[in-house]
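Residues or ranges marked as region 'Disordered' by Swiss-Prot: 1-23, 39-61. Look at Swiss-Prot and you will find 50-61 tagged as compositional bias 'Polar residues'. Summarising the annotation, Swiss-Prot assigns repeat 'PPR 1' to 214-249. The feature repeat 'PPR 2' is assigned by Swiss-Prot to 250-284. For 285-320, the entry in Swiss-Prot reads repeat 'PPR 3'. Residues annotated as repeat 'PPR 4' in Swiss-Prot: 323-353. The annotation repeat 'PPR 5' is assigned in Swiss-Prot to 361-395. The repeat 'PPR 6' annotation in Swiss-Prot covers 397-431. The annotation repeat 'PPR 7' is assigned in Swiss-Prot to 432-466. Annotation source Swiss-Prot lists repeat 'PPR 8' at 467-497. Residues or ranges marked as repeat 'PPR 9' in Swiss-Prot: 503-537. If you look up Swiss-Prot, you'll see 538-568 marked as repeat 'PPR 10'. Among the features that Swiss-Prot reports, repeat 'PPR 11' is placed at 581-615.
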Amino acid sequence: MFRKTLNSISRRHFSSSSPESPSLYSFLKPSLFSHKPITLSPSLSPPQNPKTLTPDQKSSFESTLHDSLNAHYTDEAWKAFRSLTAASSLPEKRLINSLITHLSGVEGSGESISHRLKRAFASAAYVIEKDPILLEFETVRTLLESMKLAKAAGPALALVKCMFKNRYFVPFDLWGHLVIDICRENGSLAPFLKVFKESCRISVDEKLEFMKPDLVASNAALEACCRQMESLADAENVIESMAVLGVKPDELSFGFLAYLYARKGLREKISELENLMDGFGFASRRILYSNMISGYVKSGDLDSVSDVILHSLKEGGEESSFSVETYCELVKGFIESKSVKSLAKVILEAQKLESSYVGVDSSVGFGIINACVNLGFSDKAHSILEEMIAQGGGSVGIGVYVPILKAYCKEYRTAEATQLVTEISSSGLQLDVEISNALIEASMTNQDFISAFTLFRDMRENRVVDLKGSYLTIMTGLLENQRPELMAAFLDEVVEDPRVEVNSHDWNSIIHAFCKSGRLEDARRTFRRMVFLRYEPNNQTYLSLINGYVSGEKYFNVLLLWNEIKGKISSVEAEKRSRLDHALVDAFLYALVKGGFFDAAMQVVEKSQEMKIFVDKWRYKQAFMETHKKLRLPKLRKRNYKKMESLVAFKNWAGLNT
């Protein structure tokens with residue numbers, strides 16, 4: 001048994017005496033339910049000379065109570081109940097439980113809930129004192145659940161003490177955990193400790209197994225003694241109670257004791273705990289070590305904190321996988337003691353002991369630096385990093401860098417992040433792809449394009465296989481920010497990298513962006529580069545160029561483009577790649593008519609007729625009238641006979657001669 005293994009703890013008997021309970025109606029004190037002054041309700045205590053009710057009168061009040069509850073008339077129901085209690089009478093069991101359950105409802109405003117809970121408490125306390133057999137266990141549970149929602153710790157504890165005083169023994173599992181939750185939410189488990197002790201005494205003295213607190217309750221009591229009250233005597237009492245009741249401890253039980261022993265500097269006791277854990281078959285020491293760290297931090301014994309961390313690493317397994325809360329507590333202690341050098345030393349020593357299989361985010365270095373970042377001590381994280389480099393000659397694990405990089409990413413400090421990535425690469429370490437992608441995305445969001453390019457180059461140099469995500473992020477960001485010149489330069493840099501999938505759509509995006517911004521020569525050069533690298537232009541490529549040329553009134557360039565595409569769509573194989581459609585026919589016709597290239601325009605018309613593409617002639621009539629309204633055939637005949645023929649053919653086709 002657990003009791004027998006702790007030789008230092010002498011047998012203690014449960015005390016049958018308990019602190020004096022508050023008055024049954026102390027709930028009427030405003031402090032129990034609210035910090036605001038409240039008008040006191042009259043007590044439910046019957047008058048000294050109660051008036052006896054006749055059977056008819058009692059029946060009438062019960063009927064009123066029943067009807068009021070059904071109609072949800074709370075005040076009327078309460079008045080009927082008060083009338084009965086004023087005559088030292090109680091309604092039947094069903095009505096009592098219905099009333100208390102109704103009053104325990106949490107609907108409505110905060111003030112009305114508080115008022116109803118006072119009445120529910122008063123009713124329950126009165127019934128417990130007068131005739132507890134009328135009160136159902138489930139009604140008590142419902143009332144306590146409402147008190148939990150209302151965070152009414154005082155009334156909840158008063159109700160339990162009232163139950164004990166009047167020997168109304170409700171099974172512990174119906175109310176124990178609720179009271180624990182209420183006390184915990186109220187900020188302290190110390191009040192629960194008294195309830196725990198009394199429940200243990202009743203279970204033993206009255207031989208009531210159902211009143212026995214379970215392991216969860218025992219651990220809550222231990223937490224109160226060790227973590228909050230820091231009382232060795234009370235903790236030993238709880239352990240003795242667990243032994244008497246046959247409650248087997250778990251890792252959490254040992255953890256609370258480890259905290260207290262570390263807090264008090266009782267190293268021998270901690271050694272005893274470790275031996276006891278072996279005896280109980282607990283292989284994991286993670287909870288034990290975490291609590292020891294907390295205790296040593298609280299006592300200011302930072303050397304012992306370092307020893308525990310390094311010892312946990314020597315043990316291997318999950319023993320060193322401490323929680324974020326533990327690392328935060330640890331970091332606070334060291335920083336408050338101005339022991340940044342000690343933190344750096346701990347990380348360096350830990351790196352020597354950590355297995356190569358330990359994940360980046362499971363390392364001690366990651367835990368400490370991540371805690372610094374989470375606590376807002378980013379400057380301290382830098383200081384630790386610099387101190388590690390100074391102490392270890394650059395032997396800094398990747399886990400130390402990751403939290404700082406994530407913080408930079410979150411704060412969009414992308415230039416600093418990029419500089420740090422360069423340092424990481426030069427030290428021979430390699431970042432995870434997800435972190436690199438996140439940094440590139442942050443750089444693009446921050447419009448720090450230089451950092452994004454630098455990070456991408458670093459990924460390429462480190463032979464990262466998956467570059468697709470970052471490539472798309474950069475291209476999309478540049479497009480959204482209308483930086484086609486950077487898109488072109490970036491594409492030119494990566495186009496021959498087999499890990500990057502470049503396609504015609506990427507070239508089209510650059511061409512479109514150049515045309516949209518009026519940089520037609522850059523668009524033309526990009527188009528030539530695209531063709532040179534054997535990327536096949538498609539209809540979207542040509543549409544972007546045509547629209548750009550029309551906007552800049554560069555109609556001759558459209559003619560050159562038509563002559564180029566005309567040859568392609570003549571062959572069957574090329575036609576499959578660059579097939580004329582309605583949009584492309586419309587764009588070419590409009591531009592060629594506006595430019596006065598009627599011969600080419602009629603070639604487009606012929607192609608559209610061959611491919612059975614519908615053409616709306618009205619649009620080109622308008623284009624002709626806007627641009628060539630004053631064009632005279634006699635003058636044109638003298639200068640260029642062929643052009644005149646093309647003009648006549650176009651006018652006949654468009655219906656301009658009628």
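Using N, Cα and C of the backbone, Cβ positions are placed for all residues, glycine too.
Outside the repeat 'PPR 10' (538-568), and at least 6 residues removed from its termini, the chain residues within Cβ reach (under 8 Å) are 504-505, 507-508, 511-512, 514-516, 518, 520, 523-524, 527, 530, 574-575, 577-579, 581, 583-584, 587-588, 590-592, 594-597, 600, 603-604, 607. With a cut-off of 8 Å between Cβ atoms, the residues of this chain six or more beyond the repeat 'PPR 3' (285-320) that come close are 251-252, 254-256, 258-265, 270, 273-274, 277, 326, 329-330, 332-334, 337, 339, 342, 345-346, 349-350, 353-355, 364. When the repeat 'PPR 10' (538-568) is classified with DSSP, helix, strand and coil residues number 27 helix, 0 strand, 4 coil. Applying DSSP to the repeat 'PPR 2' (250-284) sorts its residues as follows: 28 helix, 0 strand, 7 coil. Across the compositional bias 'Polar residues' (50-61), the DSSP tally of helix, strand and coil residues reads 7 helix, 0 strand, 5 coil.
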